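Below are the features I grabbed from Swiss-Prot:
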type	residues	note
LIPID	Gly2	N-myristoyl glycine
DOMAIN	66-324	domain 'Protein kinase'
BINDING	Leu72, Gly73, Arg74, Gly75, Glu76, Phe77, Gly78, Val79, Thr80, Lys95	ATP binding site
ACT_SITE	Asp190	active site, proton acceptor
MOD_RES	Ser230	phosphoserine
REGION	330-360	region 'Autoinhibitory domain'
DOMAIN	367-402	domain 'EF-hand 1'
BINDING	Asp380, Asp382, Asn384, His386, Glu391	Ca(2+) 1 binding site
DOMAIN	403-438	domain 'EF-hand 2'
BINDING	Asp416, Asp418, Asn420, Met422, Glu427	Ca(2+) 2 binding site
BINDING	Asp452, Asn454, Asn456, Glu463	Ca(2+) 3 binding site
BINDING	Asp491, Asn493, Asp495, Arg497, Glu502	Ca(2+) 4 binding site
MOD_RES	Ser499	phosphoserine
Amino acid sequence: MGSCVSSPLKGSPFGKRPVRRRHSSNSRTSSVPRFDSSTNLSRRLIFQPPSRVLPEPIGDGIHLKYDLGKELGRGEFGVTHECIEISTRERFACKRISKEKLRTEIDVEDVRREVEIMRCLPKHPNIVSFKEAFEDKDAVYLVMEICEGGELFDRIVSRGHYTERAAASVAKTILEVVKVCHEHGVIHRDLKPENFLFSNGTETAQLKAIDFGLSIFFKPAQRFNEIVGSPYYMAPEVLRRNYGPEIDVWSAGVILYILLCGVPPFWAETEEGIAHAIVRGNIDFERDPWPKVSHEAKELVKNMLDANPYSRLTVQEVLEHPWIRNAERAPNVNLGDNVRTKIQQFLLMNRFKKKVLRIVADNLPNEEIAAIVQMFQTMDTDKNGHLTFEELRDGLKKIGQVVPDGDVKMLMDAADTDGNGMLSCDEFVTLSIHLKRMGCDEHLQEAFKYFDKNGNGFIELDELKVALCDDKLGHANGNDQWIKDIFFDVDLNKDGRISFDEFKAMMKSGTDWKMASRQYSRALLNALSIKMFKEDFGDNGPKSHSMEFPIARKRAKLLDAPKNKSMELQISKTYKPSGLRN
């Protein structure tokens, strides 16, 4: 749900979540958008934030105890501020989560669970310390240790050289965090480099895990089917919707792979491509700098990225591996500037895209929401407040969109967050908002204008530098060359400026900008998972590249997934899940 960051925007760079089949029946406060039927239904959707997010009484007097200062970071749900305890003058970080940003019951549960888990975890040098929580009518406030040393990748690229020994030290720290989590019955579920910050700017600063917004409690042998996480770091069994704590070892293995070579092991330009690459599990150990990497390191990465969770190394086995156990003795040979360059480009491009997303995120006017509501009403022929499969299918036909039944089924599965087989107005509107936000050129135009300071229809290098300097990515950190590299990559015709078409092409390649919306990515990855089940487990059994685990095969037979190989819907100008394309 965010972090105690003292660096720019946090969130999944890729990443970064779907239909939930609950393991418990605990009552929950609904926080989804509500339509006020006493008003003109076509006027607007009225969002009613929950009156209480945290289950137990929490003090609402944060401003009596703390002075909130400058902004440290910003994510999809909250803004992190420096805060000072009035009585002691001690500095902390305060994450303010606006209730207006919590658009679904799932979002509310994420906040509740994050607080509960941070209270449960013990004090540990590599886990950010949680102090206390507050709640008032507008927001939830999480007060925790402040981390001012920057992100893991920032520290790597700022050093003059980078070695295998440094990667071993980082990997050991991450695995020790995973061990503590598992010992206390917690699966992290979203391990990625940007969820680790250094406590301060010194060379001896501790690396700390700072975000538990997607973590969950587990019991021995318990399995989960909710798709969460950031695609590049997601284990194959998550996509197959049957997983346990083993997924954290996989994610740590992906991080280690990136630390050693600078790029993710599974890469594609679409979410579907990434998912298939993960399931296929083909890992490249041939390209530079892998020939320089020790056999022990490569062996460890392979065993952490074992596609079978039951033969994958456990966290304890990884920590006992000689390369990790003797991290201080790992080769100290420079892996080359190429690794640092790749990591820096990877980092800055993601931040550029996420800055665009921040601008896009708040630009959806009430008039467009009203249009979505009107569309729902048109489709809801029996006026019972829910869309059945038939109503959605027939409604799409009425507005000129003839969609195959399989794709309609996929859409239903993606949007039906309570799993009752129908779409409420809340579910339809919430998903539509997020998909529209990600696919609409009009919103990208608004973001483009933010960078085009002189209004000449192009983004020039100096304009990009100024915009990214706002996020501490420019001159202050000596990143001029990296910004030039980004500019060169985006400027496809090499005329020294970025047109809107080039800007749009950048934003619609890769997945990170789309996956930054948690609701969007949950729905999208769920739909992809259903599709992959059908492709991998047809009537004749699993294909050759499928994982043939008994539990996964049993689970697959329970799914009634569409046969179609693509999903691309456009409901008028309002609904276009652009990420679901072949």
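Placement of Cβ uses the backbone N, Cα and C atoms for every residue, glycine included.
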Around the Ca(2+) 1 site formed by Asp380, Asp382, Asn384, His386, Glu391, list the extra residues of the same chain whose Cβ is within 8 Å of the site's Cβ centroid.
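What remains near the Cβ centre is Met379, Thr381, Lys383, Gly385, Leu387, Thr388, Met422.
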Between C-alpha atoms, which of these binding-site residues comes nearest to Gly78 (ATP binding site): Asp382, Asp491, Asp495?
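Comparing Cα positions, the closest of these binding-site residues turns out to be Asp491.
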Between Glu427 (Ca(2+) 2 binding site) and Asp382 (Ca(2+) 1 binding site), how far is it from one CA atom to the other, in Å?
18
Looking only at C-alpha atoms, tell me how far Asn384 (Ca(2+) 1 binding site) is from Met422 (Ca(2+) 2 binding site), rounded to the nearest Å.
11
So which one is it: of the binding-site residues Asp416, Glu427, Asp452, Asp495, which has the fewest other Cβ atoms within 10 Å?
Asp495
Mind checking how the domain 'EF-hand 1' (367-402) divides into helix, strand and coil residues in DSSP?
23 helix, 2 strand, 11 coil
Any idea which of the recorded positions Asp190, Asp380, Asp382, Asp491 has the thinnest Cβ neighbourhood at 10 Å?
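Looking at the recorded positions Asp190, Asp380, Asp382, Asp491, the Cβ with the fewest others within 10 Å is that of Asp382.
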List the same-chain residues at least 6 positions away in sequence whose Cβ sits under 8 Å from the Cβ of Met422 (Ca(2+) 2 binding site), in sequence order, or say none.
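Looking at Cβ-Cβ distances below 8 Å from Met422 (Ca(2+) 2 binding site), excluding near sequence neighbours, one finds His386, Leu387, Thr388, Asp416.
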